[in-house]
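Here is what TrEMBL says about this protein:
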- 56, 58: Mg(2+) binding site (BINDING)
- 465-655: domain 'Rab-GAP TBC' (DOMAIN)
């Protein structure tokens with residue numbers, strides 16, 4: 001019980017320090033906050049008093065949750081009714097700083113007088129914030145045992161949904177509660193994130209069983225994937241996604257400036273700690289990095305910049321008010337995130353004895369407030385000097401700034417030193433909801449029809465993007481490759497077993513090591529090694545289509561097909577569809593089809609973008625020199641991988657006209673830049689530049705411009 005009390009107190013300490021009577025809460029620069037701490041003599045010299053270090057609304061909501069959990073409830077439904085009563089009564093009467101806006105809006109929707117539906121609130125698209133996470137630690141303390149995990153899941157979700165009925169919001173509540181229970185159980189820190197991720201499907205099943213109406217179900221489907229994807233990204237970045245007692249990988253250096261960049265990268269809006277996914281993420285990252293050092297923990301988890309909203313008094317608040325209080329915009333550091341960190345107290349001591357869970361049943365909010373306020377407000381924090389820590393293996397390589405996993409994209413390509421992680425994360429945070437919506441719609445389409453036939457609807461779906469999990473299947477169907485494979489069973493294997501053309505084989509071998517040397521899956525020591533599959537497909541196709549045999553460019557196209565399908569035979573038949581039917585005569589010895597299409601593009605530009613055509617002609621540049629790689633490599637190594645795959649989605653369905661549309665879009669969008677070229681060299685440089693930057697990285701908007 002003493003550890004539980006300490007955890008509640010430390011949770012309040014963290015929030016009070018980060019809040020700092022709104023002074024530090026309004027600071028977006030963590031470095032400035034830490035400089036102010038140092039000016040006051042450092043953390044160990046701070047004296048907390050009611051005027052300068054008041055408790056915040058977030059802490060109060062946590063106390064109310066703890067009070068309900070220690071009441072004498074007969075069922076979980078009774079617990080929820082008690083939570084509703086406490087939340088509404090307190091928020092109505094609270095003076096001074098209120099909880100976050102989503103919490104206030106959620107409390108407006110609670111119905112304490114409705115016995116059956118008291119805690120039911122509608123889905124709230126603004127409910128993805130951190131408020132649900134900051135009041136859930138005590139849930140993990142109440143249901144900490146492994147056999148109580150079902151209760152933990154239910155209570156944390158229902159408690160979260162009362163104020164933050166959005167998957168990103170209430171999953172933050174689940175995350176915090178789980179982490180608290182893991183600390184009491186004595187689980188290694190590196191295991192917390194993995195085990196939490198395993199519970200997300202359990203939470204999803206619970207939500208499906210307790211869905212209140214179809215609209216809520218659809219909204220959950222649209223927004224569920226984000227929390228899970230963000231945490232997967234984080235675990236991979238730290239190198240702790242796999243089972244085992246692996247050491248987290250941190251950049252070197254990982255000072256306040258680098259941490260600020262990381263916090264922004266994990267966020268949804270470049271404002272670290274604002275949402276239900278990244279508030280506990282920052283806290284967890286701080287625990288992993290600080291180990292047993294309280295001072296370091298505060299610097300990582302409390303004294304950092306961030307943005308949220310300012311929570312002011314609102315005397316107009318009343319339950320059922322149709323116009324909820326809208327706070328004035330400001331900025332906030334996520335000091336409240338330390339509420340979760342506090343549970344590591346059980347691990348930061350040498351003792352392994354677990355606390356008794358016979359919780360008191362007569363604990364009132366006032367007593368809890370005193371329990372927390374007296375130690376916080378009246379006692380000087382005296383901290384032990386920082387212990388000298390052993391140098392970790394993760395810092396041995398001084399030049400590593402990101403973990404190996406984070407420097408490899410989902411398709412296995414290594415990201416260059418100039419890769420803009422921040423810009424990519426900004427893009428992906430907006431693209432992720434698009435992927436989620438497309439995945440839902442494609443799953444319904446495939447399940448309903450069991451097969452996909454060409455139609456206006458399917459064409460529209462293809463243009464908006466095929467999810468990775470369905471891409472290989474859809475490509476096979478719409479290109480005709482599936483039909484060809486079914487009509488020729490065993491044909492691919494016979495090609496590999498037959499007699500080989502030595503010249504063809506040697507030509508293919510020469511290009512093996514040149515094909516995607518920056519992709520980890522094509523390296524000889526990788527398992528499985530896609531280079532072997534690439535060789536087999538190219539050899540088989542060279543013997544299948546003797547008029548083409550093999551030419552450079554086919555290796556890159558085949559490599560992409562293998563990355564998507566992970567299947568030799570399917571890649572072979574897709575290659576046959578491309579070279580044999582969609583792009584005829586592109587890869588024959590005279591390349592007549594390729595040359596013709598490049599000339600056609602020149603004519604189209606002359607018709608649609610005459611100023612560019614005139615400029616190119618004035619400098620005596622042939623279109624074949626400018627765009628040949630666009631056609632022969634189908635934009636591989638020219639545009640970002642995700643953008644290339646979106647182009648190929650349409651290419652397999654609609655044919656080569658897609659290449660022209662994409663090429664015209666690139667030229668038209670950058671017309672002004674191209675016209676600035678003053679000589680031949682600058683023309684070539686401009687055509688290199690137009691395939692870089694946010695316009696082509698943001699594949700969804702790029703394809704909308706190209707196709708619609």
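The backbone N, Cα and C atoms fix where each Cβ goes, and this holds for glycine too.
From a predicted model like this one, the values you see are computed outputs, not experimental measurements.
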Check your understanding: Looking only at 56, 58, which of these binding-site residues has the biggest number of Cβ atoms within 10 Å around its Cβ?
Key -> 58
Practice item. State the mean pLDDT for the domain 'Rab-GAP TBC' (465-655). Key: 92
Review point. Going by DSSP, is residue 56 (Mg(2+) binding site) part of a helix, a strand, or coil?
Key: coil
